[in-house]
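Novice: One structure follows; several queries about it will come next.
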Amino acid sequence: MKLFEHMFNKVNDHINNLNDRFNSSRIGKFFALEERSSKITTELRAATATFLTMAYILAVNPRILADSGGTCIPPDGDIFSKEYEMCMEEIKRQYITATAIGSMVGCLLMGLLGNLPIALAPGMGINAYFTYTVVGWRGTGIVSYEAALTAILIEGAIFLVLALTGVRFALAKLIPEPIRLATAPGIGAFLAHLGFQTTEGLGIVVSDIATAVTLGACPPDKRTPIVAYDDACAQAGVCVTSDAYTCDVLGGRMTSATTWLGIVGLLLMVTMLAYKKSSGIIVGILFVTFVSWFRNTAVTYFPDTPEGDARFDYFRQVVAVEPMDMILAKYSNNLQHAGVALFTFLYVDFMDTTGTLLGLISHLGFMNENGDFPRSRASFSADAIATMVGSVFGLSPVTSYIESAAGVEAGGRTGLTAVFVAFYFALSVFFAPIFASIPPWATGGALIMVGALMCRGLTKIKWERVDHAVTAFVTIMLMPLTYSIAYGIIGGFFCWIALQIIFQSLALVGIKRPHTNGFTDETAAASVHPIDTHQKTAEVHGYPSECSNRELSTA
């Protein structure tokens, strides 16, 4: 026993010496590790948590973008021919390489230019807009694949100009206080929403025709896939199913083995974090993933089905590098009908990136009282450049990822985290079969865990003021319910502006503007915002009494 203790202490001493030497090196000073109370091993751990939480993008993004048809040309216009299907399958595999490279470039830019622990990758949601609205499913839209990529290139260039001139951040600073404070909790609710769902998480929440969502977690033999892309279904007479499903019978709910395995992973994460082990998120993901790789079990990610066999065959390759000749630099001079798409890319990318960046920066505690943060202009520029580079590889706009919060909670404080994530994406170019085989129920628990931790900032909202409370509430709720950070912020803006117009109009006729709008009774205020209780709880658990958004201890 003493021998093991001696070996452990010796290894720990070597690690501490490594951290000290690296912090005093040029690289350590460039990333300001000492100033931000971090170290290289903590940043590596944070990067691992971030990458594992967002590694699903290597599997999901190629599938979505390949549905556009890419540069495939259907023989005789038959988009259901075998030749066209084979072409789309090839494009999907090329998109795995493209997604890894585009994400690597984005993370590297954010780490080196912005010095922030925020990872970038092709945005979820906007990639679906690119495929199913702009280009259309299998190229059935009014904008060509090449024209859509050109619009993305132009959008990135416009954003770069706005970032370099400071206009982009100036616009971001105009965000009202309740919206700014609600953004991080809203993102947390959105993350948890993803974690509870079927395609990205545990599968506890599934679709329902009557109520939109309901309790799920039923086994595969009791699921009914939801038909997607109704327009294509109606026109072609062939219905394509999405990954979403509903449960056939009430008795089958909460009987899915994969859901319960994911719940075990979540409980493992919570337990380790409760004992101040910030590697808990990584351990939980790896544990669930490893168990899910065994075949012929109830929790396998490779079931005995054509889809499961295809996954396993790809997984067994271990190393595979796909070319990108079918998607590389496919631009067009004909931008007919692309104007609306360009405008939509602009505003969605702006709102998503701004909301994610400001939410995570606030969570890190880097934002000052004026809403500014270190290297803000460089950070926004990194996002714009990444979008331009991504278009070269056929990608939809690259944006900051809310899954970066997993790394923040694991102790990430500098751009070194993003650089390490870039390294992981570089590895995934060669080991895509491995990283693409992380099941959604392995990362679902991590999304829920991080979502809960991001909601700590709720205590900073002025709940005693009705205008602040309602604006913040609308912002928070619309993010998960509309599946968009951008729509949440837009809804919050609408609510805030409408209320201010009403207050100003009433002031013109002699009615004073309210300061504490509605909650004047101390008891009512306490029921909405129990300050003393929260402060006492925060102090017991080691957080500052003002409930700041600093990350958990990395001890």
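Backbone N, Cα and C atoms are what each Cβ position is placed from, and that goes for glycine too.
Quantities reported herein were computed from a predicted structural model and do not represent experimental measurements.
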Novice: Of 118-136, 232-250, 384-402, 460-478, which span is tagged transmembrane segment by TrEMBL?
Specialist: 384-402
Novice: With the transmembrane segment (257-275) as the reference, find which of 95-114, 281-302, 441-459, 489-511 contributes the most Cβ pairs under 8 Å.
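Specialist: It is 281-302, which has the most Cβ pairs under 8 Å.
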Novice: Are the transmembrane segment (95-114) and the transmembrane segment (414-435) close enough to be called in contact, which here means at least 3 C-beta pairs under 8 A that are separated by 6 or more residues?
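Specialist: Between the transmembrane segment (95-114) and the transmembrane segment (414-435), contact is present.
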